[in-house]
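These notes are about the structure you will find just below.
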Amino acid sequence: MSGRSAPVVSFSSVDNSLSSLKNCQGYLHTGMDITVSVALDLLETGCESTEVDAMESVMLEYSAMERDLKQYIHAVEETVQKLRREQMEQVPDLQSLVQEKYATIQKKNDDEDLKKNDRFVQFKDQLREMRKQMGEKEEGDAAFENVDEDIAVLPSQQNLTCPITQMEMTNPVKNKVCGHTYEKEAIERMIQDRHQKKKRVKCPKVGCVHSDMQISDLVPDTALKRTIDILNKQKGRH
């Protein structure tokens, strides 16, 4: 009949699949967190550096999977948006179109960029911090020879104190932008409260000039958390 528009292809099933794919990112992040924990365990117990290097390779593999997943999701979203604009009446070969778009995106990949993944960068920082602590312990004077092997060289009490609560941290998170550390619950509450008032959030560390904090900037400070746990373990023995 004239004046009656033809039905447009529905992409609701594609939207559902996209939602499932995005949920997979959480599984990748869990795998990365486990890898970080294993690597720090290996360092703490004095395992060979080759075993720690193997964990670094695992982290790079996770980084590659995360990159590929994000690019595939982007390819699907771009393709679907294009088809929606064209209001197609017949079901296209969506899989072929997505694969073509995905292949185009992947041509620009450089595996060196995997080392810039936020979680991989944080992983390297945590290994560096743990190695620094272990190295300081090994170079200590003879007075420490009989100290329990679980004791690590610990940072000063000031470095364990949250700049917001002024109490020793139990669940520290680090700001990726400025590198300062806070108690997770305290800093997240502070950011949320300020954002609700439409105000920018300045890093609470005295002297820090970073003035636009976001919750997405915060990552677990696993190395410091392990140090705090060791300290508390030692306190419990006395």
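Cβ atoms here come from the backbone N, Cα and C positions, even for glycine.
Listed features, source Swiss-Prot:
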BINDING   Cys178, His180, Cys203, Cys208  Zn(2+) binding site
ZN_FING   147-233  zinc finger
Suppose we draw a 10 Å sphere around the Cβ of Cys178 (Zn(2+) binding site). How many other Cβ atoms does it contain, all chains included?
15
Starting from each candidate's C-beta and looking 10 angstroms out, tell me which of the binding-site residues Cys203, Cys208 has the most other C-beta atoms.
Cys203
Counts of helix, strand and coil residues, the zinc finger (147-233), according to DSSP:
32 helix, 12 strand, 43 coil
Please give me the CB contact count at 10 A for His180 (Zn(2+) binding site), counting all chains in the structure.
19
Specify all same-chain residues, apart from the site residues Cys178, His180, Cys203, Cys208, whose Cβ lies within 8 angstroms of the center of the Cβ atoms of the Zn(2+) site, ordered by sequence.
Asn175, Val177, Gly179, Pro204, Lys205, Val209, His210
Taking every residue in the zinc finger (147-233), the average pLDDT works out to 84
